[in-house]
Every structure is written in C-alpha cells, then in structure tokens.
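Worksheet for the structure shown next.
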Amino acid sequence: MVKPIIAPSILASDFANLGCECHKVINAGADWLHIDVMDGHFVPNITLGQPIVTSLRRSVPRPGDASNTEKKPTAFFDCHMMVENPEKWVDDFAKCGADQFTFHYEATQDPLHLVKLIKSKGIKAACAIKPGTSVDVLFELAPHLDMALVMTVEPGFGGQKFMEDMMPKVETLRAKFPHLNIQVDGGLGKETIPKAAKAGANVIVAGTSVFTAADPHDVISFMKEEVSKELRSRDLLD
C-alpha cells in the first residue's frame, strides 16, 4: 500500500528566507521537502550543498525528533542528487540530515552497490531516470529501492514544462511494482497533476506551483486528493 506524498522543491523558494519558506509549505500540508543538489557537472546548474542542508535540518527537524522541544515544523528530507560520482556524497549527506538519497541511474556504474551503500548509512535509497532513459533499467533495481523517480523535465532547472510522454514509464512501474513509491518531478501543478496521478505516481514534487501560490494549502490539498482518488481506484491507498 502507498499514500499520497507532496514534496515541494525548495529550489523554488526564497533562499533569503529558506527556513520560513519551508515552515510555510509544511504548515500548508507538505509531507516532504525535496532538496535539489546540483554540481554543475552532471547538470549545468549549481544549487546547494551540505552546509545548507545542515542548517535547514536545524530549522526543520525530523518527524519524531525528541529534541524538538520548540515544536518546530518537521519534514522528511528528500535529497535529489543531480551529481557526478554520487557515491562520494552519500556519507556527507547522511550526516548532514538527508532522510533519502536519490541518485541518477545515469551517474553511476554500479547502482545496486550504491543502493546498499546508502542503506548502510541508515537512510532510504531512491533512483531517478532522465527523460531519455528507458524505464527498463529500473526493473532489476526496483525491488531494492525505497522509491523510483521518473523525471518529467530535463534535470537541471526549475520551472520547465511537464513532459506528458513520460507517463507510460510511470504506468509501467506502477503495474510491475504496485507498492513502490513512485515520484514525478518537473512541471507539476493543478493542470498536470491529474495526468501524473492517473498514471500511478504517488510522490509529487512541485516547486513554483506551491511556493508561489497565493494559497499553498489549496494547491497541496488538491494534489493529495487527486493522488488519493487514483490510488483508491487501484485499491492501493494506505
């Protein structure tokens, strides 16, 4: 069984007020924070690194953190690693507060070894594929994953147009692995979320559509309901 998970991408936030921006979307109903890490090599853009994640973790504790005596908003940190040689970053990001390390299939020579390395650090392991990568590459790996990510834009920049022709990949994964968390990332908003939900995605990354919304709660609630409706129709809703 799976559940709807909304993971706003902090790439679309106001970095001058990052902690407050994250509290805003968590209080509006976000489940995870999607943290895009780009190295300027695997993708042309550069975003943020471990010091920012460490700092943000102090502002946004893990759910269930007993030391959170101030009752700060909490969230699961979903780190999307758009980097070359992702193996070299696993230990650092596990230490700085990542809850999940999502690597790109295209960036590693031995994805299964990388999954085992990630899990050995006590965090969840996920694998992403670019639009040009066949979904077939995930079939042997999926039983070992906590999540699969199907990119619905070319990775590297926010605010791109949703690629509807990626939905057959999601449909295939949901049919083969009904209880796997399947994430979509890129161009997701009120107009496109029904297509992603119908295909079988349950983890939704949304950036500008949430962070710049007049009412983030309304957007997040709509997304959750669309995903819940489709999961319910498949008898998969947790």
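Heads up, residue numbers simply count up from 1 along the chain you see.
Including glycine, each Cβ sits where the backbone N, Cα and C put it.
Together with His34, Asp36, Asp185, the divalent metal cation site in Swiss-Prot holds one more listed residue from His80, His104, His113, which is His80.
In space, Asp36 is the closest of the recorded positions His34, Asp36, His80, Asp185 to Gly156 (substrate binding site), judged by Cα positions.
Those residues of the chain, other than His34, Asp36, His80, Asp185, with a C-beta within 8 angstroms of the mean position of the divalent metal cation site C-beta atoms are Ala7, Ser9, Leu11, Ile35, Asp78, Thr102, Leu149, Val205. The 10 Å shell around the Cβ of Ser9 (substrate binding site) contains 24 further Cβ atoms across the protein chains shown. Residue pair His34 (divalent metal cation binding site) / Gly187 (substrate binding site) shows a Cα separation of 14 Å.
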